[in-house]
Amino acid sequence: MDKNLHFMICVVTALLLLRESSQAGEENDPEVLAAPKSDSRGAGEGLPTLTVTTILEDPYVMVRGAELEGYCMELLGALAGMLRFQYRVKVVGDGQYGAVAAGGNWSGMIGEILRREADIAVAPLTVTSAREEVVSFTTPFLQTGIGILLRKDTASQDLSFFHFLSPFSKETWTALLFAYLLTCFCLFLVARLSPCEWNEPKNEENHFTFLNSLWFGAGALALQGATPRPQALSVRVIAVVWWLFTLALLAAYIANFTALLSSGSEQLPIQTFEDLVKQRNLEFGTLEGSSTFYYFKNSKNPIHQMIYEYMEKRREHVLVKTYQEAVQRVMDSNYAFIGESISQDLAAARHCNLIRAPEVIGARGFGIATTQASPWTKPLSIAILKLRESGDLDYLRNKWWESSCLRRSRDRWGPLEPPALGGLFLTLGIGLALGIIAALAELSSSSRRAAAHAKKSCCSVFTEEICTRLRIKGTARQSQEPSGKANA
């Protein structure tokens with residue numbers, strides 16, 4: 001009896017030790033550590049439990065302590081709460097999204113669904129025709145495309161010799177030159193018409209010649225006072241309006257030029273995929289076995305075919321295994337990464353020295369993959385549509401993509417176009433019109449007094465005054481010299 005009791009005690013002790021060691025092994029296993037048991041919103045007695053496969057990619061799925069978090073995890077929790085199911089999350093074993101291997105078998109999350117190792121795949125999984133043939137997809141929960149991720153210093157072009165002209169567009173500089181010449185001409189015209197500026201044209205010399213008017217306008221552009229000094233109200237109106245115009249214009253120029261120098265967001269030489277193919281300074285590639293790689297492989301576009309041939313010939317060197325490796329390679333070397341534009345936007349938001357080229361091709365979406373004829377496909381699609389209609393998907397998008405770099409990129413620098421300064425040019429035009437009207441009013445008042453004194457018609461005196469004041473200086477001198485000789 002004692003031997004039997006001793007034997008039973010030894011067996012129970014051994015079982016307890018084995019159980020403790022297995023639990024310790026599970027806690028140290030990174031895959032088990034990363035996978036949460038289930039979500040509290042989906043917990044409940046009698047609820048179905050789904051096995052969910054996913055892939056680690058920021059910000060969709062990330063490991064934080066002993067839990068998984070990210071956009072896809074919050075989406076999965078919301079779907080579980082709406083459809084009343086529990087779930088168990090596992091990270092895909094081979095770290096792949098899903099592609100056809102040489103033997104015809106599928107790898108990655110698609111392969112796990114086909115082998116019934118998982119019920120659904122919740123991840124940034126692109127909906128493609130090849131994948132749709134073997135699994136079913138829900139309505140896309142995110143829309144994306146194919147873009148080019150670059151490092152700013154490798155993508156930026158050399159500054160031109162006339163880089164100081166970049167704050168304004170060519171149209172704006174042309175409009176500014178026209179405004180300058182028009183203002184100087186109005187100064188010249190108004191100074192000749194106004195009797196307060198030039199009371200006796202036959203005996204006085206008008207200081208506002210056209211060259212002096214040009215000098216006066218240039219002095220205002222340089223924020224320097226220039227002679228001659230205006231005396232008539234009409235000339236002062238034009239001078240004040242021109243000064244206000246130049247102050248606002250210089251403020252806009254300085255602000256835009258400062259933004260240009262600080263942001264480094266000058267025009268990228270690589271705007272399109274054609275530009276990427278033509279250049280020789282940057283290597284480029286994509287994720288190995290990804291839908292992006294097969295997009296270029298199956299495309300009939302000549303540019304896309306050239307990109308595929310380049311990547312195929314150098315696949316050991318330009319294709320990367322993970323998205324994190326791609327971002328790090330872009331940051332560390334002369335490498336351009338071709339991939340999902342929405343993920344590239346996140347990389348540009350998290351790393352301020354990265355930028356995405358403007359062109360995006362191959363519009364596509366991220367969907368939840370299920371087994372074919374799965375009863376969960378349609379309910380999941382309807383739940384995703386409800387989340388989109390309620391604004392929850394937009395909230396998740398803003399939550400996981402927002403950063404300081406992204407906020408700054410919303411106000412990307414660009415040369416100021418004439419419409420941006422339209423109010424300023426309009427104000428200048430109104431000021432010039434007021435100056436001319438004031439000059440005509442001053443001349444009209446002076447003509448009426450002269451007509452009353454000489455007992456002539458006001459219109460005739462007004463016309464004579466205009467002709468006299470607009471006469472060229474050299475012509476007036478020539479007309480005065482013969483009359484002087486005749487008097488002699």
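Glycine residues also receive a Cβ, built from the backbone N, Cα and C atoms like all the rest.
These come from TrEMBL:
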type	residues	note
BINDING	Pro124, Thr126, Arg131, Ser291, Thr292, Glu340	L-glutamate binding site
DISULFID	Cys352-Cys405	disulfide bond
DOMAIN	49-403	domain 'Ionotropic glutamate receptor C-terminal'
DOMAIN	59-115	domain 'Ionotropic glutamate receptor L-glutamate and glycine-binding'
REGION	27-46	region 'Disordered'
SIGNAL	1-24	signal peptide
SITE	Ile270	site 'Crucial to convey clamshell closure to channel opening'
SITE	Lys297	site 'Interaction with the cone snail toxin Con-ikot-ikot'
SITE	Lys386	site 'Interaction with the cone snail toxin Con-ikot-ikot'
TRANSMEM	173-193	transmembrane segment
TRANSMEM	233-255	transmembrane segment
TRANSMEM	420-441	transmembrane segment
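Shown on the structure are the features that TrEMBL records.
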| residue | record | Cβ neighbours (10 Å) |
| --- | --- | --- |
| Pro124 | L-glutamate binding site | 23 |
| Thr126 | L-glutamate binding site | 24 |
| Arg131 | L-glutamate binding site | 25 |
| Ile270 | site 'Crucial to convey clamshell closure to channel opening' | 25 |
| Ser291 | L-glutamate binding site | 23 |
| Thr292 | L-glutamate binding site | 22 |
| Lys297 | site 'Interaction with the cone snail toxin Con-ikot-ikot' | 14 |
| Glu340 | L-glutamate binding site | 27 |
| Cys352 | disulfide bond | 16 |
| Lys386 | site 'Interaction with the cone snail toxin Con-ikot-ikot' | 14 |
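On the backbone, the CA of Lys297 (site 'Interaction with the cone snail toxin Con-ikot-ikot') and the CA of Pro124 (L-glutamate binding site) stand 21 Å apart. Looking only at Cα atoms, Arg131 (L-glutamate binding site) sits nearest to Lys386 among the recorded positions Ile270, Cys352, Lys386. Residue pair Glu340 (L-glutamate binding site) / Lys386 (site 'Interaction with the cone snail toxin Con-ikot-ikot') shows a Cα separation of 25 Å.
Ranked by Cα separation from Cys352 (disulfide bond), the recorded positions Ile270, Ser291, Thr292 are led by Ile270. Within 8 A of the CB centroid of the L-glutamate site residues Pro124, Thr126, Arg131, Ser291, Thr292, Glu340, the other residues of that chain are Tyr97, Leu125, Val127, Thr128, Thr144, Ser290, Arg364, Phe366. If you compare every pair of Cα atoms in Pro124, Thr126, Arg131, Ser291, Thr292, Glu340, the residues listed for L-glutamate, the longest distance is 17 angstrom. Note: the domain 'Ionotropic glutamate receptor L-glutamate and glycine-binding' (59-115) comprises 20 helix, 15 strand, 22 coil (DSSP; helix = H, G, I, strand = E, B). Each residue contributes its Cα atom, and for Pro124 (L-glutamate binding site) and Lys386 (site 'Interaction with the cone snail toxin Con-ikot-ikot') these two points are 19 Å apart.
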